[in-house]
Amino acid sequence: MPELPEVETVRRGLEPVLMGSRIISVSLGCKNLRFPFPESFSERLTGRIIIKLSRRAKYLLFHLSQNETIVSHLGMSGSWRVEDDLLRKKHSYMGKLVAHDHFIMSFQATNGKIYRLIYNDSRRFGFMLLADTMRLYEHPLLRNLGLEPIDNAVSGAYLQKAFINKKTSLKAALLDQSIVAGLGNIYVCEALWRSYLSPERRALTLASKSAHACELAKCLAQNICDVISEAIFSGGSSLRDYVHIDGSLGYFQHCFSVYGREGKECSRCGMHIVRIVQSGRSSFYCPQCQK
């Protein structure tokens, strides 16, 4: 599933061409993705101006004129791309993409040219909703999200407070979107490896006031922010379905230290990386380095 770095990469790719553009028409390739499209979705979008694009956690937000915002989630396999006539011919040979195009929006950019914004989703686990812009962050999907690991916003002190009485594992606590918003399986595994912390360790062990616990929490917070920053710089991680808006791939997956490396040697100690299952998700870690 695309995580914060992948969604932020998409936002940065779409923003230059979409900001200030006018929606000409919208066609839907199906009645629903994970959820049904909003009622009269095509008609409600036609003629609107896209004021700006933002992101909250793993949600991409299209702010429109008339005080409505499209809340988009990529699900497991969703992707956005922008086409003009030349790119349309190119993608016509990429059957997988064309076969699962479920949302096609024609728009006029500020340069006067006509483009198409296309949402593709083979598994249809993504979704699009319309929300009141003035009350956007009161929406049930957004109102309980925690801090984002951007620009060192997440600190050791913040994590310690969040982990008080948390009997769950560190892995589960970090996947809790009310604590750190936008983190997913990949980057939690990588941040824990960098911090020498086992995904099975209880979160509350970092919540004490001891100097050791404070240092561990501080280190973890810094590594979370660092790994997210590096992943954004690399254009995210391309695993299975995730691509940039032009169809190109991110390359942070080539920097993985543990994720997806079961049986391979840890680059620090030489011990083999192991995979365990926690709450139905794979966790990768080094049993020698991470305690």
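Every residue number used here counts from 1 along the chain in the order it is shown.
Note: Cβ is positioned from N, Cα and C throughout, glycine not excepted.
Over in Swiss-Prot, the protein carries these features:
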ACT_SITE  PRO2  active site, schiff-base intermediate with DNA
ACT_SITE  GLU3  active site, proton donor
ACT_SITE  LYS58  active site, proton donor
ACT_SITE  ARG281  active site, proton donor
BINDING   HIS100, ARG123, LYS166  DNA binding site
ZN_FING   257-291  zinc finger
Folded-back contacts onto the zinc finger (257-291), same chain, C-beta under 8 angstroms, at least six residues removed
169, 171-172, 175, 185-186, 189-190, 192-194, 196-201, 239
Which of the active-site residues PRO2, GLU3, LYS58, ARG281 has its Cα nearest to the Cα of HIS100 (DNA binding site)?
PRO2
Rounded to an integer, what is the Cα-Cα distance in Å between GLU3 (active site, proton donor) and LYS166 (DNA binding site)?
24
Nearest to PRO2 (active site, schiff-base intermediate with DNA) in three-dimensional space, by Cα, is which of the recorded positions LYS58, ARG123, LYS166?
LYS58
For ARG281 (active site, proton donor), just count the other CB atoms lying within 10 A of its CB, please.
15
Starting from each candidate's C-beta and looking 10 angstroms out, tell me which of the recorded positions LYS58, HIS100, ARG123 has the most other C-beta atoms.
LYS58
If you run through the zinc finger (257-291) with DSSP, how many residues end up as helix, strand and coil?
0 helix, 12 strand, 23 coil
